[in-house]
Amino acid sequence: MSEPLVSVKDVIKTFGGGKGFFSKKPVVHAINGVSFDIMPGETFALVGESGCGKSTTGRLIDHLLTPDSGEIWFNGKDITKLTENEMRPLRADVQMIFQDPYGSLNPRIRVSDLIAEPLLIHTDSSENERKKQVNELLKVVGLSPAHGERFPHEFSGGQRQRIGIARALTVHPKLIIADEPVSALDVSIQAQVLNLMSRLQKNYDLTYLFISHDLSVVEMIADRIAVMYLGTIVETASKKELFDHPRHPYTRALLSAVPIPDPTKKSDRIILKGDLPSTTNLPSGCLFRTRCKYCQERCIKERPKTREISTGHFIKCHYPVFDEGEKEEKDVSV
Amino acid sequence: MSDIDKNTSVNQFEDAEALPVQKSRRKEFVQKFLKRKTAVISLFFIVLLLLAAVSGSFVAPYDADQADYNSILQGPSSAHIWGTDEFGRDIFSRLLVGTRLSLASALSATIVGTALGIILGLIAGYYGGWIDSLIMRICDILFSFPDILLAIAIVAILGPGITNVIIAVAVFTVPSFARIIRSATISVKESLYVEVARSIGCKNWRILWIHVFPGTIQSVIVNFTMRVGTAILAASSLSFLGFGANVTQPDWGAMLSQGRNYLNTAPHIVLFPGILIFLTVLAFNLLGDGLRDTLDPRMN
Amino acid sequence: MAERLLDVKNLRTEFIREKEWVTAVNDVSFYIDKGEILGLVGESGCGKSVTSLSVMRLLPPKTSKISGGEVLLNGDDILKTDKKGMRKIRGHEISMIFQEPMNSLNPCMRISKQIIEAILLHNDISKEEAHKRAFDVLKLVGIPDPEMTLASYPHQLSGGMCQRVMIAMAMSCEPDLLIADEPTTALDVTIQAQILELMENIKEKRNTGILMITHDLGVVAEMCSRVIVMYAGRIVEEAPVKELFASPKHPYTQGLIESVPILGSNVTSLPSIPGSVPDLAAMPEGCKFAPRCRYAMDVCREREPDLTPVWGAEHRRCRCVLHDTEEKEAKKA
């Protein structure tokens, strides 16, 4: 059993709370106790709807934000304890791909220089060596060296995203955090970029943290999936296990809500009642209880703890859902 | 190179991925600028001035210091197209040669002031906190003085002379640039690509210089041209008041000052330097206006 | 018996770009019956939004023009209607909901004012009555506390609530036709499920015809009875939804369907369409999809194919040389 590449332990992150002019600003509880491990070589997906905190989690792991409490271990080091200066050399091992292909590339810098920048910072290579590397990476993502001479605004969204991917690859990172990398792209372009990411993982021995709200995209690329709701992980399992046996009421609603592009399949949509609670005023007990049709007294009073209901399948729920005929397996709790 | 799966579509990029049509930003800029006639004329005039500054002493019909006591205070004539002053020196030649001095002092003052202002603005905007407050309060103090008064105060302390005039003008140029760059910096540093730079591992100075600063230049270009106009006026005024160049140097403002005594008898001594100063400042201002309109994406 | 609600014939819309007119919608024809949901599918730049704005006649006057065709609403050509007449029609006979619900509502006005304004524009009733109608229509769209919502400002509501309010406003004057332009794209998937269910209920209860514009094939499969696919300003395929997914005839439709991941199908890689959408001002000769088409032949690059009924399935249409060939083969036999 190898060591996890990334280990997140009980991370809590809040925003705001400072003293405004007249009154205290409300505290936004963005991350409310998140723990998970990412093993080297795997694609770990963080899935959830807007406001669940998945992007914030990505930024915490990339040390663009620091948690209020908890630990984040990367490659054997607790990065929460590091200063920005100490973190800088480690950044060669963690690279990020961002959602917005238009904002994430500096419009005034040539594409080849953008891709070469991590090399410039983290290695001692000469200009020629860098040029060679950049041209190679451009080819890998399906562009040519001539494209490198242009500026970002001349490219389409899909092409820009590929440039972002090339840049993330330059220093051969161990971990790539992809924050909604295909959400802003048209469907046919999404497929292009996802295929590219899959191939690159094999060729460059990468580990992905894939953040997305789109379950169909995640199903394609992920090995294990964690479902987030209101700043906490409600269910974690391998892809097959999650899609075959979703146990958390939220996961089940999420899966059923995705419209299937097949008119012959009628969907049994589980419609959640109500709206997402405000992050400034979290519900007591289980964070999902306000929208859950199985909510009972215990859910209102007691916040559930994560437990392992079958090997590798973790859940945060007092009453996980089993379909008819399934026997509730022995609690393989930690 | 690692094996590329032939069935994936990336291969098809080799043919299908044409180079995007190159829209020349520069060409568009030039075309847009040329539509503005006043700005083009102003630019033309400024280029002439620069040529004069460079070649003045070679081109001038007379030597700037050549006194001719036989023809003092003469109005414009065929021998002296703009007349002579109280020492018989040819005014046209003096103004021509003086272009270098006047323009150089104004330009260098503005450049120094701008550079300093940019540095202070970048630091204040990027780091915030007490540095920001300190720099901004200093700028506020400088701002609270009218430009000329501040310049006079500085020259009074440092003493007369062209170098001190340049320093004085540079000083009162700093605050406006510091403010402009500071607000541009604050907005640019929130951009996603700046966060990306941080996530790659860029050091702060690199982020500032390569990622933030280029995004702020646009706000500065127009202000710069207008400030040159102000600087010319200020330098001339200081010289006029006797703080700048000494009597013998062919400085525009100094010539204006000398000419005061002869306003009734030989007004041309005042007229020509005055018109030249006026036109130069006007040209820089109109150029600045034109540049601002050209850079504005909403105007055509 | 289906009643014809909207009949668009040979619609053509052009825009000025850098002093030249470019055609954004070219010879588009389709119809919607009462009580049916027609899906209009395409990716960015295909002209679907422009089509809907043309029907509503909401295009910017100086930089665009509808240069051809007819738009028959309940039999009358609304392209010929004057400004006053169009104002009466908008909101009352045709209503539209847009993609960004937060941006479509005036942030400075309470919800009550906005809905009541819409109601009073089309109905000669008192303010109190209008308020009651607003209340009723908010209840219709499933808002739990209509009174509180009416008193709120848009920023106090979530995206899902805002979209419900938009739908309520659109339905408040009981239009015959509802144009929904990417109504759920900006919403989370569980909220999207709520909104789609709501729209289905409205269709059932009020027999409203809906033009559902979207790029999401999942939404199309769930909601629509018929589908038209647009590319580069043209319709390239039209078919009933089951047939479209079962046997897409146009290569673009095929590519689109193949590149959409289906939940539960456990695929690990997807085929995709190479290249990108052509620029409106630099359209290729012949078939506009040819540069990206895996079946492209010489004849495709010479002449643009017409939109013709599919051989053996005359209620379907396709703009491609391939099925013309099928037809020729079949006729020869």
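Here the Cβ of each residue, glycine as well, is placed from N, Cα and C on the backbone.
Here is what TrEMBL records for this protein:
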- B:39-60: transmembrane segment (TRANSMEM)
- B:99-288: domain 'ABC transmembrane type-1' (DOMAIN)
- B:103-127: transmembrane segment (TRANSMEM)
- B:134-156: transmembrane segment (TRANSMEM)
- B:162-181: transmembrane segment (TRANSMEM)
- B:228-248: transmembrane segment (TRANSMEM)
- B:268-288: transmembrane segment (TRANSMEM)
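Below 8 A, the CB atoms of the transmembrane segment (B:39-60) and the transmembrane segment (B:268-288) form 3+ pairs separated by six or more positions in the chain. Tertiary proximity for the transmembrane segment (B:162-181) is limited to same-chain residues at least six positions away from its ends with a CB under 8 Å from its CB atoms, namely 101, 105-106, 108-110, 112-114, 116-118, 120-122, 124-125, 135-136, 138-140, 142-143, 145, 147, 150-152, 154-155, 216, 219-220, 223, 227, 230-231, 234-235, 238-239, 243-245, 249, 251. Residues 120-121, 123-124, 164-165, 167-169, 171-172, 174-176, 178-179, 182, 230, 234, 237-238, 241, 243-244 of the same chain lie 6+ residues outside the transmembrane segment (B:134-156) yet bring a C-beta within less than 8 angstroms of a C-beta in it. Residues 65, 101-103, 105-107, 109-110, 147-148, 151-152, 155-156, 160-162, 164-166, 168-169, 172-173, 254, 256-258, 277, 280-285, 288 of the same chain sit 6 or more residues outside the transmembrane segment (B:228-248) yet have a Cβ under 8 Å from a Cβ within it.
Sequence-remote contacts of a segment are chain residues at least 6 beyond its ends whose Cβ falls under 8 Å from one of its Cβ atoms, and for the transmembrane segment (B:103-127) they are 49-50, 53, 135-136, 139, 162, 165-186, 189, 204, 207-208, 212-213, 216, 220, 224, 227-228, 231-232, 234-235, 244, 280.
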